[in-house]
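Asker: Have a look at this one.
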Amino acid sequence: MNVNGRKYRTIWLADDGWGVEIIDQTRFPHAFETIRLETLEQAAHAIRIMQVRGAPLIGATAAYGLCLALRNDTSDMGLMTACGALLDTRPTAVNLRWALDLMRKTLLPVPPEQRLARAYGMAERICDEDVAINMAIGTHGAKLISEVAARKRPGEPVNILTHCNAGWLATVDWGTATAPIYMSHDAGTPVHVWVDETRPRNQGAFLTAWELGQHGVPHTVVADNAGGHLMQHGEVDMVIVGTDRTTAEGDVCNKIGTYLKALAAKDCGVPFYVALPSPTIDFTLSNGLREIPIEERIGDEVSHITGLTAGGRIETIEIVAPGSDVANPAFDVTPARLVTGLITERGVLSADRQSLAAAFPERVAG
Ligand code: MRU
């Protein structure tokens, strides 16, 4: 996407052909800064502290992190140890495991002296494929949006609610939930996005709002609790969210609070769509509620908030009564029965085992 007139992806190979550049997402929306990663440890740290985040981008960063590790050690043991270190960074988004499995399966049969070049090639392919997948999701999703637009008065926008950031910043480019929005906007379909702020880390207010603004997409940031009220009053035509892991049965794990939006959408008859790139499907799991590991993050993310002071300083302040306990589950699971459709790169599917398996038979086979 374009930032200040320059085209960016969220991760790219540096000009020297081995370092890896990322956009530091902990600085948004106050600063746009890039960082160079040179070691496995730096890549793992970037994922853990969420300088990069969002399921597809976590996978892409892990793939490049493995390349950086192989610069020091291309042995089987080096490869496996690096995969383990990267896998330990964040537990919920399955794209991390998917990318590392793909890298490991590709690299283990290759002689150690050829592994480094092959690894960089594979990481680049993972990034390019992510972009292609998101563009396909965009095309399928934009059709859904144009169907809604056709039922509206001319010029009246399609109101879409989204949660967290499943935008281009969460992927290599385009985003999953945002790809249909960007394509609709670019094609002249009037859209307006309700952006959930997405406490505790504010990915909606900090990231989604920033990127929609950069692209000129009309949007309004709302407190997380506003969605149900907006739906009750006919202010939301459809919900589109992303996902960190979707099971073979179509249960959708996404940022904490997604489930409540799905419940409200069901009650109000608002279609609830999930933009789902195939690497985010975990065919080894069935029941999302029982089987998906939910990341528990530090309580400071709940008890503190970071923002810009009137004097232009970025400051973190405490907002919870001192001494209170805090809990910070980072994701929740929306059962398949609440999902209207899964917008995948191979079309819009119903959220069930049969549809997912029919669309992605090669993934079921492993
Ligand atoms: O904790 P985060 O910011 O990594 O969570 C991101 C989300 O929940 C996104 O909705 C999900 O990864 C889909 S990104 C296309």
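Including glycine, each Cβ sits where the backbone N, Cα and C put it.
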Asker: Out of Q203, Q214, which does TrEMBL tie to the same substrate site as R53, G54, A55, R90, N254, K255?
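Answerer: Record check against TrEMBL: substrate site with R53, G54, A55, R90, N254, K255, extra candidate from Q203, Q214 is Q203.
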Asker: C-alpha of R90 (substrate binding site) to C-alpha of D244 (active site, proton donor): distance in Å?
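Answerer: So the alpha carbons of R90 (substrate binding site) and D244 (active site, proton donor) sit roughly 11 Å from each other.
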Asker: From the centroid of the CB atoms of R53, G54, A55, R90, Q203, N254, K255, the recorded substrate site, which same-chain residues not already listed sit within 8 A by their CB, in sequence order?
Answerer: I58, A93, C164, N165, A166, A170, G242, D244, A330, F331
Asker: Give me the Cα-Cα distance between G54 (substrate binding site) and D244 (active site, proton donor), rounded to a whole Å.
Answerer: 7
Asker: Measuring Cα to Cα, how far is C164 (site 'Transition state stabilizer') from Q203 (substrate binding site) in Å?
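Answerer: Approximately 5 Å lies between the Cα of C164 (site 'Transition state stabilizer') and that of Q203 (substrate binding site).
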Asker: For the binding-site residues R53, R90, which Cβ has the most other Cβ atoms within 10 Å, all shown protein chains included?
Answerer: R53
